[in-house]
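Participant: Marked as domain 'EF-hand 1' by Swiss-Prot: 3-38. According to Swiss-Prot, the feature Ca(2+) 1 binding site maps to ASP16, ASP18, ASP20, SER22, GLU27, an assignment based on sequence analysis. Annotation comment: Swiss-Prot describes 39-74 as domain 'EF-hand 2'. Annotation comment: Swiss-Prot describes ASP52, ASN54, ASN56, GLU63 as Ca(2+) 2 binding site, evidence class sequence analysis. Residues annotated as domain 'EF-hand 3' in Swiss-Prot: 78-113. Per Swiss-Prot, Ca(2+) 3 binding site is recorded for ASP91, ASP93, ASN95, GLU102. Marked as domain 'EF-hand 4' by Swiss-Prot: 114-149. Look at Swiss-Prot and you will find ASP127, ASN129, ASP131, GLU138 tagged as Ca(2+) 4 binding site.
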Amino acid sequence: MEDQIRQLKDIFDRFDMDADGSLTILELAALLRSLGLKPSGDQIHVLLASMDSNGNGFVEFDELVGTILPDLNEEVLINSEQLLEIFKSFDRDGNGFISAAELAGAMAKMGQPLTYKELTEMIKEADTNGDGVISFGEFASIMAKSAVDYFGLKINS
């Protein structure tokens, strides 16, 4: 936890251009862009408002920690375990990969049957090394990308 706080402080200080101990909306936008995110102006305003617990229009370091670290501390560990469980539920034969047939079966079981076109598009998008199956790493990447898209932020390609 201390390492995470130290890393977060380094990042915060790097983007606190005037070294006043707080991030302006422009400094927050620069920090987000450095992480590969492309939030719109409205999204940055909403994010700043949600982080700005003292209502002064800036994000202080403790507000950043209060927003980010609870998630890093508990949620990330829980989510990686949950992600592995989801992956295993798709990987019916337990070989460490999700085949097209396993993906189709799992989606149908969840009440979301796929057309052949949808299935091939999903495999193509997730299968970054082109071996025809989805590894856990590829599965985790596509799930992370989906989460980023869900929150309305875009990753630089």
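Glycine is treated like the rest: Cβ placed from N, Cα and C.
Walk me through the surroundings of each of these features.
Facilitator: Within the same chain, residues at least 6 positions away in sequence whose Cβ sits under 8 Å from that of GLU27 (Ca(2+) 1 binding site) are PHE15, ASP16, MET17.
With DSSP classes pooled into helix, strand and coil, the tally for the domain 'EF-hand 2' (39-74) is 25 helix, 2 strand, 9 coil.
Using a 10 Å Cβ-Cβ cutoff, ASN54 (Ca(2+) 2 binding site) registers 11 neighbours.
Counting only same-chain residues 6+ beyond the ends of the domain 'EF-hand 3' (78-113), those with a CB under 8 A from a CB of the stretch are 119-120, 122-123, 132-136, 139-140, 143.
Annotation for ASP93 (Ca(2+) 3 binding site): same-chain Cβ neighbours under 8 Å, separated by at least 6 residues, are GLU102.
Sequence-distant contacts of the domain 'EF-hand 4' (114-149) (same chain, at least 6 residues past either end, Cβ-Cβ under 8 Å): 37, 80, 83-84, 87, 90, 96-100, 103-104, 107-108, 155.
For the recorded site, GLU138 (Ca(2+) 4 binding site), the DSSP three-state label reads helix.
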Participant: Minimum Cβ neighbour count within 10 Å among the binding-site residues ASP20, ASP127: which residue?
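Facilitator: So among ASP20, ASP127, the binding-site residues given, the one with the fewest Cβ atoms within 10 Å is ASP20.
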Participant: Any idea what DSSP makes of SER22 (Ca(2+) 1 binding site), helix, strand or coil?
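Facilitator: Going by the DSSP assignment, SER22 (Ca(2+) 1 binding site) falls within a strand, counted as strand.
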Participant: With Cβ-Cβ distances below 8 Å as the criterion, list the same-chain residues six or more beyond the ends of the domain 'EF-hand 2' (39-74) that contact it, or say none.
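Facilitator: Sequence-remote neighbours of the domain 'EF-hand 2' (39-74) are 1, 4-5, 8-9, 12, 21-25, 28-29, 32, 152-153.
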